[in-house]
């Protein structure tokens, strides 16, 4: 029964340009079983790193988050797939509750499924699925091959045997992945071309983080507001990359751009001459290079603004006082 999760959002990666390499459409399902009666199903559909649809569990309908999220699918086709999901979630919950105790899974537990299809620059397709229970990988499927995760071989084999008992479901999943998904993926790529091809230049700035130890500095390079997601950021000494550079995860901003924080722990006397270099497709080869110690802190900027204002204010007070004193004499 778990395999029907493969059909999530017709099923379907980084999206850099339209078909420059690989682009995937995939659905993410998270089903949380709190007890025998309370279950929460969440789902979302993604084109590369962009969320384009989600599942409304109350209305049991698909929410399309982009004007082009339907691709070239008709309203009747949308209704048809929504009906498939409605039947699926009902059956999925029933079968999971029936069989999870057989596999010694205790409440509360969570089942996560990611599934979809991928197209490469040669327009050939692959489809895939991964299933996890309580955050532990259980099994993976790619094209017509299935293999259990090393940490759950025996349990995965038992579940796979159970799944194969539902032949009609497996046949439906295969059609959705091998026929419906490629058609949907290509149509949504074409419909969302302007969004997928957009380029947004990053902003970058330096700051000092908390000291990692006596005599040490933590240099922080912030890069924000860029799209698409792939970016290269590195601390440098001249033209030499510093392997001690520590990169965090690339995080999403609210406006669908991205943010990255890159740090370097260095002895205070060795900080001079270091720079942070940023490469991104939107920069068209004109890398951003920020030199440590050459940037002006916020405090100095504020001071530079306040000092002239204070001087003007003092001069005005002196002028007003002299004028008042002069008029008082006469």
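Heads up, the Cβ atoms here are built off N, Cα and C, so glycines get one too.
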**Prompt:** For which of the residue intervals 279-299, 300-320 does Swiss-Prot record transmembrane segment?
**Reply:** 300-320
**Prompt:** Same-chain residues six or more away whose CB lies under 8 A from the CB of residue 143 (N-linked glycosylation site)?
**Reply:** 126, 127, 128
**Prompt:** Looking only at the topological domain 'Cytoplasmic' (321-330), what is the mean pLDDT?
**Reply:** 55
**Asked** If you count Cβ atoms within 10 Å of each one, which of the glycosylation sites 35, 72 comes out on top?
**Response** 72
**Asked** Which of the recorded positions 35, 117, 181, 221, 276 has its Cα nearest to the Cα of residue 72 (N-linked glycosylation site)?
**Response** 181
**Prompt:** Between residue 117 (disulfide bond) and residue 221 (disulfide bond), what C-alpha distance do you get in Å?
**Reply:** 36
**Request:** Sort the residues of the domain 'Ig-like' (182-292) into helix, strand and coil with DSSP and give the three counts.
**Result:** 20 helix, 52 strand, 39 coil
